[in-house]
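Features as listed in TrEMBL:
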- 1-21: signal peptide (SIGNAL)
- 31-46: disulfide bond (DISULFID)
- 58-209: domain 'Cupin type-1' (DOMAIN)
- 105, 110, 115: oxalate binding site (BINDING)
- 108, 110, 115, 154: Mn(2+) binding site (BINDING)
């Protein structure tokens with residue numbers, strides 16, 4: 001992957017964090033996440049400086065396309081503080097999204113971050129919806145960028161039914177969080193009552209059960 005792509009996204013997210021930080025600002029040079037600590041804080045506790053290594057700041061997982069095997073036709077590979085411990089308190093992260101031909105990254109939100117995508121390959125139909133219920137949609141191609149404001153419902157679709165597509169996403173949070181609208185509503189634990197969903201979507205409870213059965217996690 002072109003090193004200029006990484007530099008661009010880190011520059012964009014760093015400037016965004018300076019302008020309006022959603023993650024707490026760091027008060028020291030390094031606070032590498034100690035994933036083994038049982039202490040609960042807003043973020044992660046810091047490793048002892050003596051145990052920090054260069055590997056804490058490295059991740060090779062988004063250098064190649066993921067294998068897409070799910071029904072919606074997309075796979076997200078995160079490069080956040082859960083994968084890169086050195087991102088703790090820095091307020092930035094990346095993801096790679098790979099789309100099968102015709103694949104969709106279904107409507108979802110990131111409650112803790114704005115997202116900027118850079119198209120690596122292919123052509124995508126993308127859009128987000130404001131709280132006034134207005135859709136902003138556009139087709140983006142290789143080398144182009146699109147922004148999804150923090151917390152707003154958005155989606156991407158590979159509009160080529162013959163070729164895959166991929167993007168790099170940048171976030172101004174070390175762990176932006178993701179809520180898929182369909183999964184949130186129909187696979188919550190405990191489950192949302194069928195009559196609530198039936199009223200919300202104006203369909204019968206049998207229709208709700210059918211949707212739930214399609215979205216239920218597959219048992220191994």
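Note that Cβ sites are derived from N, Cα and C of the backbone, with glycine treated the same way.
Annotations in TrEMBL come from automatic prediction, not curation.
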- [ ] Pop the Cα-Cα gap between residue 31 (disulfide bond) and residue 108 (Mn(2+) binding site) into the table, whole Å please.
- [x] 30
Open item on the list: Counting only residues 6+ away in sequence within the same chain, which have a CB under 8 Å from the CB of residue 46 (disulfide bond)?
Closed with: 28, 30, 31, 32, 33, 34, 88
Task: Sparsest Cβ surroundings (other CB atoms within 10 Å) among the binding-site residues 108, 110, 154 - done: 108
- [ ] Using C-alpha atoms only, work out the spacing between residue 105 (oxalate binding site) and residue 154 (Mn(2+) binding site) and round it to an integer in Å.
- [x] 9
